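Engineer: This structure is in structure tokens; I'll ask about it shortly.
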Amino acid sequence: MTNSSPRPSGRRADQLRDVRITRHYTKHAEGSVLVEFGETKVICTASVVERVPEFLRERGQGWLTAEYGMLPRATHTRSDREAARGKQTGRTQEIQRLIGRALRAVFDLNALGPRTLHLDCDVIQADGGTRTASITGAFVAAHDAVTKLVAAGKIARSPITDYVAAISVGVFGGAPVLDLDYDEDSACDTDMNVVMTGAGGFVEVQGTAEGVPFSRAEMNALLDLAQAGIGELVRLQRAALEA
């Protein structure tokens, strides 16, 4: 696919930013990753907690949950820490719930046993697509954490049933494009976030028109772009885990 209106980055319409997944990025967490989508950089850690929420007590199954945050100067201007304000924004709550839903879609929580896998996604630099980068990186961190559980004999098998990754797509300059950076995201006509499994199943589709409604044909084109992009992200996840 080509784009008659050049992207600010010079990328093709169907081209991801440079994606890097660096495992074992921090020392203490059972799984840790630095994931980079171009200039967007997120540290994702996976921590094993040997207890479950009260609503799962005595059921014998596990739980997976996520938290998301941004450093004060992850963006162009400084923002106060949410802890200093004493309240999470609606955006933060929405994103961390999305990350949790995305990962739970590919986890057999019964196989995890009575413990919680806690994912923390901290944005150290934001240039668009922080939630999609967080999901993609958090999966790799979670994979490393459960691999350690299996190796330690705490669980009999991996609870992971498939890969999961996420990407943004949108209509920019009148054409569908893949993996929006900040310049594109702030000026696009349509913005959509797509979460899919390695097998091609949809976990979540979030799409919004920014003043100019999009057609069914445009939506189909966006989903096709997203599916191809997520296929490439899954390939990169596999390569990182096999390294």
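Backbone N, Cα and C atoms are what each Cβ position is placed from, and that goes for glycine too.
Source: prediction; values computed, not measured.
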Engineer: Among R81, R85, R91, R157, which residue does Swiss-Prot annotate as binding phosphate together with G129, T130, R131?
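Structural biologist: Same phosphate site in Swiss-Prot: R91.
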Engineer: May I ask which residues of the same chain, at least 6 positions away in sequence, place their Cβ under 8 angstroms from the Cβ of G129 (phosphate binding site)?
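Structural biologist: The list for G129 (phosphate binding site) reads R17, F37, T40, I167, S168, D179, L180, D181, D185, given in order along the sequence.
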Engineer: Residues other than R91, G129, T130, R131 within 8 Å, Cβ to Cβ centroid, of the phosphate site?
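Structural biologist: Going along the sequence, the neighbours appear as Y68, I95, V123, A126, G128, T132, A133, S134, N193.
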Engineer: Within the chain of R131 (phosphate binding site), which residues six or more apart in sequence place their C-beta under 8 angstroms from its C-beta?
Structural biologist: Y68, I95, L98, I99, A166, N193
